[in-house]
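Below you'll find the structure, written out as structure tokens, and then a few comments.
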Amino acid sequence: MQGLVYLLLVLLGPIGSEFVLGFSCDGGCSGHGACQRSTGRCTCFPGFGGATCASRLCPTGAAWVDRAWAVDKAHQPSQCSAMGRCDRSTGACTCESGFEGVACERLSCPNLCSGNGRCISMRDAATLQDDRNFFVSTTYSLWDADKIMGCQCDPGFTGFDCSQRECPKGDNPLTTGQAYAIQDVTCVCNTCTGTFALSFRGRVTANLASTATSSDLKIALEALDNIYGVSVVAATPLCSTSGTITSIIFTNNPGDLPKLQVINNLSNGATVAAGTSQVGTRENAYCSNRGSCDFTTGVCKCVAGFASGDGAMPPSAGRRGDCGYQSGAAICPSTNLGHDCSIRECPKGAAWFDGATAPDTAHAMAECSGRGSCNTATGLCICLAPFTGAACDLIRCPIGTSSVYGATCSGRGTCKSIQQLSSEATNPQGNPLGLTYGATPNTLAAWDAAKIQGCDCETNDYFGPYENAFGDFTGGHDCSARMCPRGADPFEVGKVNEKQTLTCTADAGEFTLTFRGETTPVIPFNAGTAQVQATLQTLESVRTATITFNSGSVVCSATGVTTTVEFTFMQGDLSPLSYDASALTLASNPGALAVGELVKGTKANVECSARGVCDRGTGICSCYPYFLSSDGAGGLGRRGDCGYISPYPSVTLS
């Protein structure tokens, strides 16, 4: 039949004794590993993998998306950080769009910050208080601290990628009853020498001596290009033994202003501290909400009747370029902004990148989640790859690269969030763990629960030639690679199948069994071995098993029947069966069911039985010479796993 692989056992003589007693390794471990002669298996050198050590391993990083391993804990190390494809011939990752680094471990800065900013990590952003982009100095050390990168824009630029020029900001001249921002500087100095300086939004004043006057301070502050006018009230000098408090009233800088930073170079333990005594309540809006900002030029287009002001209260004509002088106003709907209500707001989502506001507290709400631009005419976000969603609040699932499977998750999986994937997490034996990730709202460590998406790949989707093989699609972050059948290494000695016992004490009713999250149809108390076996084998996680009773011909009795379940397809140390015995009865009382392990499974459960190479494109094992598909018990069969030792070499016919 076309498409099937036919194996010809060529009569070339029996397998050599040296092959049996002192096993050699296929391909000499490719020169990248040491051959264990006792088993004929390779131990690969660092950086290499595969049965013959022919494959290069790719760098690892904290996975962008995976299943939780504990409540609200995920992101375990993974090759290419589970956001790229590993080239096994070179050991290099090809990252999904928007990700970078040798292990795809970083989320790239958007558009390289347009050449108008610096690309920094979340960890750095938490400490870099510049009072323009970031307003708090704190720490951030969650899983994404060194993985998510963003922009620290240069003065005069704004936007998530620093592509926009800032327009002047000012106070709406039509609003009243507002307050100036007032800050106090306290200096305690006992016959000290030296100087101190003040910093405002990255600009630093000239040095001030302890004997400086309020007039000296006013001149120093107004010399900064981002302070437009202050009134200074203080005793003279600015410092004294008992401490001098100097009040600085920001008369021409509207809004809630960042606190002045002190650079203290005074001697003799002198202290200088700055603090806010009155929060400014005047608006500090682009073009004073009396004009529209052209973000390509950074120039305000003022409404007729409004012009550049001086930032004072009340305002006068000035050179701020902020449309803050004269009159005119309108009332906008909640979704429209701007002086004439022509600007529509875009949806908001938890910011992918921002400055932390407290230790390990970040990702505040931001327009388009800080990874897209807002179309103010439509109110729609234009998202940068790989982001999607109305507010650019999701990372999309990988797209397959082949012409056949070039769809989301290669057309072989379902796109799910980490929260959804974590609910399906299993232990190494395949049993559900019952874990949650981000189930409690606003959990800081799981802020990404519903935001980062990955592929839940299909399993047991197999097209031959071996009827019992798996051939699922879980061998890649984008479901593009097939896994090959697993089985026991035929050179292992004394290995056995898993055997479990089921003791049922009942004279009526029914029960169900569950294995690896799959539950059987109901099994009646008087089912025979054939019915119990057939019912158990309906589970994909079981496939084949043998059933024996220690007495009688039915699975339950009033005195108790112990059933032995031997797993003949699934190999290795398996998780215990679980059950629901609530419908069993004994003399009209509740019946009893108990499960135990009789023999621990010790057979290896390795891809291609460690005696072949998996073809990721087909999911078929290419077995080494003298190895063929087994029946799981050492004989020739249709498992597809290279677990049978043939006395003759195998030949593949095309």
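Each position is counted from 1, following the chain as shown.
Backbone N, Cα and C define each Cβ position, glycine as well.
Note that the coordinates shown come from a computational prediction; the quantities given were computed from them, not determined experimentally.
Annotation comment: TrEMBL describes C25-C35 (among others) as disulfide bond. Listed in sequence order, G33, C35, Q36, G40, R41, C42, T52 are the same-chain residues six or more apart from C25 (disulfide bond) with CB atoms under 8 A from its CB. C25 (disulfide bond) carries neither a helix nor a strand DSSP state and counts as coil.
If you look up TrEMBL, you'll see C44-C53 (among others) marked as disulfide bond. The Cβ of C44 (disulfide bond) has C29, H32, G33, G50, C53 as same-chain neighbours under 8 Å, each 6 or more residues away in sequence.
As annotated by TrEMBL, domain 'EGF-like' applies to 21-54. Panel annotation: around the domain 'EGF-like' (21-54), residues 88, 91, 489, 491-492, 608, 610-613, 624-625 of the same chain, lying at least six beyond its termini, place a Cβ under 8 Å from a Cβ of the stretch.
Residues annotated as signal peptide in TrEMBL: 1-22.
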Fewest other C-beta atoms within 10 angstroms, as judged across C35, C53, which are the disulfide-bonded residues: C35
